[in-house]
Structure formats: C-alpha cells, structure tokens
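The structure follows.
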Amino acid sequence: MGLKIVDGSIVHDNLTSSSPPSVTNSSPLLNTKRRNSITSLSDYKKNKDTLNNSNNNINQPFENSNNFNNNSKEIKNENKIKNFFQHLFSILLLKNPTMIQIIETLELSTNIYNIQFKLKYLLAICVSSQIIFKSSGLLITLLVLYLGTFFNKISINNKDKNKNNNTIDYSLKNNNIDTSLIKDINNSVISNNSSNSNNNNINNSNNNNNNNNRILSPNQLSKSSNVEYNKCKCKSPTTSSNNYLSSSQSRVQTLSSPNISPCNICVSPNLLYNSLSSLSSSLPINSCNYSMSEQEGDEFESNFDFEDSQYEESDEEDNSSPAFHLYSSPNLRVACNKISTFSPNGRKLGTN
C-alpha cells in the first residue's frame, strides 16, 4: 500500500508497495506540481488549525452561556429546595397549634429551691445529663428537680398558714375591740337603766309615802279596798264579862286587818285604817269600852270632813242603805253595844 500525489492531493495506492513515494526530478512539471502540493498541504493544515480555532472561539460563548444556564438551573433548584424546607418548617412550627404550645411551654418557668428556671434550660440539663451520665444521670437529675418542686410546695404552704394566722389574729383583735366597745355600751345602758329604775323607785316610794300619809275615811277605805265583812262577837260594856252577843247579834268587821281577832275586842277606827294601808306605825288597841273625849272626837271628825266631801256625789246611793249609816255612824266610835243593835243588812235586832 502506497501513497500517491494526484493533483496536489495525497491518494492511497493499493497497487504500489508500501515503500515511500519517490520523487523524481525527470521533468520540470512534476517538480512544480510537487512544490504546489507540498505548499498546499501545509496551507491546508494551517487553514484547518485556524478554522478549528475560529470554531472554538465561536463555540466558547455558547459554551459559556450553556455553563451559565446550567449554573443558574442548579441555583434555582437549590433555592426551590430551600424555599420548600422553609415553608415546611414554618407550617410545622408557626401554624400548628401543638408546636406553638410546645414553644410557649418551653418559655415558661418554675420555682425549684426558690429559684426560677425556664423549662428549656431544664430540658437542656436533662439531655446533657443523659448524654454524659446516661440513664442513671437522667434519673438523678429528675429526682433532684422533683425534690426541689416539693420543697417549694412546703414553703408556699407555710407562707399561706402564716398569712392565715396573721389574718385570724387581726380579726380576733378587731373582735375583741368590738366586744369591749359593746360591753362598755351595755354597761352604760345598764347603768342608765339602773339609775332610771332607782329614780322610779324613789318616785314611787315618795308617792307611796304621800299616799300612805293621806288620811282616808272609813267609807273611802271600804270602797277602795273592796272589803268583805265578817261577823265577830263583841263584849258589851254594860253587862258582865260572861254575857256575850249571840251569833245573830254581831258586828261587821273587815277580813283584811291582821290585828282583828274574833274575840270580844273592838278596834278603833285609826287602827283599822292603819292596818288596811299596811303602815309600819300602829295605834294602841282598846277594848270595847273604848271612849273618846269630845275634843278628840271633834278633831277626828274634822280630819274626815274634807275627804268625805269629795265622795258625797258618788256615795249618794250608798248613803241610802242602813249598813252605811251603821258603819259611818259616830256612835260606833263611842260605844260598841250600839253596833250590835243592827245586822249587816241594816235590820234592827234589839238591845241587850
């Protein structure tokens, strides 16, 4: 296999041997062709190189643009991935209520041994103890934290008890002050009431003394005290001591007088008045032959004249009865034998 130069170009020749072509210098035309072919080959190589370089120069901006496009695509893909993860993270943390609650709880704080700790710091302590000391360290830290919270509860309860005791003491003091004021007021009221009662007692005693010092007639005594009458035997002054009045011939006496006995003793009008009015002073008791002088009788009658005049109008009906004349007769104070001549209804029974 050999090479031939035909028209300035190299052509393979299968018929010829592989020996290098021989160039003869037999003719001048061949020499010129040979020279042209050599020059054309060198020019061809140069032109080819220049064309390749020019093509490379032309293709470089395209390659640069392609590289830029590839780089921009890679950047866009990375940004898309970042945006996706950011969006997903924002959805998980900000829009999920459970995540929001978790974040808020991590920001909370608790008192442990009277010191405030945030939960995120406590969580970091637990995680670090787990990493360093493993499970035993985690259990010890949790136990210490629990004891700290228990200590805080005890201290808070003690503070509450002290506050309650202080409030109770304050309320008791106020109640004692109120009770003392009430006692003072009650004592003042009691003293005022006692003074008023004493004044009323004094006034009542004075009125009673005035009423007791007032002299009432036998008619007034009998009407004011609603006296009932009872029969009593009386001794006659003219007859002997053994001669007594019969049961029908009796005198009217009052049951209210404690000094009157059912024996042969007559009572003076002054003693009857004093016994009915419950006075302490008493007059001497005389027997039935009690007599009064004319001056004493006049004075005694003058004492009753004024008071008897006040009851004249009210006593008009009673004056008509014989018993009234019997009881109000002045002869009753002179002798007892004249009383026996009348019964309680005014009927004349006869004389001894």
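Going from the start of the chain as shown, residues are counted 1 onward.
Note: Cβ is positioned from N, Cα and C throughout, glycine not excepted.
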Which one of Asn193, Asn319 gets the tag N-linked glycosylation site in Swiss-Prot?
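Asn193, according to Swiss-Prot.
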What residue among Asn25, Asn70 has an entry for N-linked glycosylation site in Swiss-Prot?
Asn70
Do me a favour and check the Cα-Cα span between Asn186 (N-linked glycosylation site) and Asn165 (N-linked glycosylation site); whole Å is fine.
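It is 31 Å, counting Cα to Cα.
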Could you give the Cα-Cα distance between Asn165 (N-linked glycosylation site) and Asn70 (N-linked glycosylation site), in whole Å?
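Checking the Cα atoms of Asn165 (N-linked glycosylation site) and Asn70 (N-linked glycosylation site) gives a distance of 82 Å.
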Taking only the Cα atoms, work out how far Asn70 (N-linked glycosylation site) lies from Asn52 (N-linked glycosylation site), in Å, as a whole number.
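Cα-Cα, rounded: 25 Å.
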